């Protein structure tokens, strides 16, 4: 109740301002000419608390009418709301009409396959209670995979793998990856670096396109079904084992898309899970870090339970999870507009030795962002995933996979760029200080000997090399610290060895340390131009640091056939400086105000410069690089300069190619993001690694990219449109009920909102901006968590590891981004302006139609309102039917939408009665209309929150299955709303005596709803319904007490 003091003061100030404005307006506009026929308003609602009665009547041609024009209130300006509408239009324009550029343009190529699906009919009610709703299929690539049944005998000889579709996904989405695996295994087995590989049997779950993201019980149903499915799949291999000498499978590989990845993580937490039956999980665009929507509280409860379970398992070093389970999360980066790519992070759940998150722009040979649906079929990615799956399997093991370390190393090799420190940890070649493998014993005299102080450059038909045996370059004995061997080739990379010259030449091959990068030549537009299955070959790059060079005597390079080169092919090798590190400490504010400029130049060696921007960590801002070059004849350079954009964690890399030609570059990253756990002990700098060919220079300027920033804000904050407007609506309702208790006038919604904005706009703006830095104070967050009525979002659960999460307001961590709160506040005002304007137009339309229908009415008073009751028989029956249906059949969310429709009907009926009996009860009808419209506006926003569960319910009806909405048959969650809407339909208004405790509770509840919606609402949308339900119960109490005190007319 401590909140009521300052709230009451603000309400008193606002209410007093409105009363003075109305009184002044009344004196200027009302001119009573006669009082002979005034009709006493005997049953004015709240007549015991009226301070002023400016309702003055006059006789005109035998009729009493008000001379006030318009809608009874001074209009004033509405500039803030108009600004909000313009911002909505601007953001929508950026969202739908501003195309991505450069590295953010999708470059997936089309695919072809010959799929067939065999429904596993044997998996019926004997094995799972959900067989009526869900089904299981086995995928077979035609002319490749073995027929599943031959001579009535089951034929399964591969590695069992289960595909789990996502929200509204289809089992047929398995076909792309399954087809790629079959083609690779049967057609190109030599390219699989695993002698114990085996073909893969892909099973796929058919969930009838269930909406998993909207409904917690649906998620649990799917997980329960899949646990039973895995037990059944493993039993099939017992039946088809035959004469195989390989052990029977005891585990199934999981490949999951979208919410299917969360279902996979739910499975081990259920009682019907078979221990050890899943040890490898590969997820595609799955929201591990946070629930994508918060319409259903069960979703948040499941996330909390599952995260706790997985963390507990990994904290025990002896658990099955710690020793065996791997989870790799792949996301499509910026192109995933369905699910923010930030949500795919797993660093707060999965230790690095068990898994990691990577982006499709990072994966060698893919190098393109991929949208949410294409991530399961994109040609480049499916080729990598097929190779990954076939190289991690092991047909000798009962788990049918390599050990944990082997799987993680293969995943690093195929899914990371190779420049990450985490990647380098798994390399055991020349980095290890011990050299057990002697590649060759070679006679040094048969090679060309090149000086070490000059770069080796080979182009088509131009080569200084003569020997057919290769070339050696001696490593200088006094090689300067910080010098590295840099080798880059645009064609097949030759074998390069580091050698020690003793009795014989002993060499270690560098093949395992060569990295693949996109090709950057004058014709290059995108990194994916040289991706897998493209005609253009990528670049191959090798760097040997000074610490490793000093352990050897020379470098041996095998012969290079330059005659086979294309015109733009080359080979380059030299001893030169290692990557030069440049730290730019410009903050976001500096970039916002003046930008940043950097000039880079290379001599006759390749130059690699890493620009670190430690203060640019926030994913909410996007940037633009403008590239200028003074290099003459830049088209004749060895290759075109390019940039590797990267962040330390998660492992996101983007490639910006041919930057002199493509000189406007968008910079967007998935770094420090709202509502995502952040490890404060790690670096989160934005890094730009610039690779320059010899004799090149570039000038780089960095500025904020506002169109892309606005576009990405919409993707990350779609849920905010369901919470911030509710905060404004609740605040206006609080003022309305406060003023109603003081004056007996229920003011118009738009009038109150305009009045507050016109007089306190700067205060509102300041509040929307200051709330971000306030909510980032640790002590404030502890206090907010203490008073959080939900407590499903825990910001400090991993605080001892330095991992914190900001769940409050918009989840912003940087105070410089406080303007985003103001932006969404203004946009919310714009939404409310549009809604109230539409209601105003409907009001005018219904008024005009009603005036034509009842223009000749002779009634002098409204008999309905004279004899109004709280309930009558038909309303009691209707309420009982709805409540009975909620208790046994429909979710309460559907009953809520029905109540919202009834409330809208009440508003229409009030307009009709107001027009029909416009000569009497003017103020009472005005109060009725304003009250019901304000409540309808609130109901409309809450209806948006409730709609997804209704979609799930109707979907289940459409497939002939009724989901057990156990948590959504709670009649307590809807009864107060139904009762209030029913009493509203009889033209009752809740009222509380002025200055009473009940009156303070009324506007205090609305004030709390406003506070909750602004602070907690985005991550707890479902709970807004619960608060509204409590408010409706209190308003119904006010209706009953007012009715009992005043009696019926």
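Yeah, the Cβs are placed from backbone N, Cα and C, and that goes for glycine too.
Just so you know, TrEMBL annotations are computer predictions that nobody has curated.
Taken from TrEMBL, the feature domain 'GPI inositol-deacylase PGAP1-like alpha/beta' applies to 155-392.
Residues annotated as domain 'GPI inositol-deacylase transmembrane' in TrEMBL: 722-1037.
If you look up TrEMBL, you'll see 29-71 marked as region 'Disordered'.
Within the chain carrying the transmembrane segment (79-97), a Cβ under 8 angstroms from the stretch's Cβ atoms is held by residues 707-708, 710-711, 713-715, 753-754, 757, 761, 764, 823, 826-834, all 6 or more beyond its ends. Per TrEMBL, the feature transmembrane segment maps to 79-97 (among others).
If you look up TrEMBL, you'll see 719-740 (among others) marked as transmembrane segment.
Here TrEMBL flags 760-777 (among others) as transmembrane segment.
Annotation source TrEMBL lists transmembrane segment at 822-846 (among others). Cβ atoms under 8 Å from those of the transmembrane segment (822-846) belong to residues 71, 78, 80-88, 91, 713, 717, 720-721, 724-725, 727-729, 749-750, 753, 757, 764-765, 768-769, 810, 907-908, 911-912, 915, 929, 933, 936-937, 940 of the same chain, restricted to positions at least 6 beyond its ends.
What TrEMBL records for 875-890 (among others) is transmembrane segment.
According to TrEMBL, the feature transmembrane segment maps to 896-912 (among others).
Marked as transmembrane segment by TrEMBL: 933-955 (among others).
Annotated transmembrane segment per TrEMBL: 967-987 (among others), in sequence order.
Annotation source TrEMBL lists transmembrane segment at 999-1016 (among others).
Positions annotated as transmembrane segment by TrEMBL: 1022-1040 (among others). Residues of the same chain lying 6 or more positions beyond the ends of the transmembrane segment (1022-1040) and with a Cβ under 8 Å from any Cβ of it are 294-297, 300, 722-723, 726, 789-790, 870, 893, 896, 938-939, 942, 945-946, 973-977, 979-981, 983, 988-992, 998, 1001-1002, 1005-1006, 1008-1009, 1012-1013, 1016.
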Could you tell me what the rest of the chain brings near the transmembrane segment (999-1016), counting residues at least six beyond its ends with Cβ under 8 Å?
1, 3-4, 7-8, 11, 723-724, 726-728, 730-731, 733-735, 737-738, 741, 771, 775, 784, 788-790, 807-809, 990, 992-993, 1023-1024, 1027-1028, 1030-1031, 1034-1035, 1038
Select the range from 760-777, 875-890, 896-912, 933-955 that forms the most Cβ-Cβ pairs under 8 Å with the transmembrane segment (719-740).
933-955
Contacting positions for the transmembrane segment (875-890) when only residues 6+ beyond its ends and CB under 8 Å are counted:
898, 953, 962, 969-971, 974-975, 978-979, 982, 985-986
Average the per-residue pLDDT over the domain 'GPI inositol-deacylase PGAP1-like alpha/beta' (155-392) and send me the rounded value.
94
Other parts of the chain folded back onto the transmembrane segment (933-955), taken as Cβ under 8 Å at six or more residues beyond its ends:
208-211, 214-215, 218, 293, 295-296, 722, 725-726, 729-730, 732-733, 736, 746, 749, 832, 835-836, 839, 890-891, 893-894, 896-897, 899-900, 903-904, 907, 963, 965, 968, 984, 1021-1022, 1024-1025, 1028
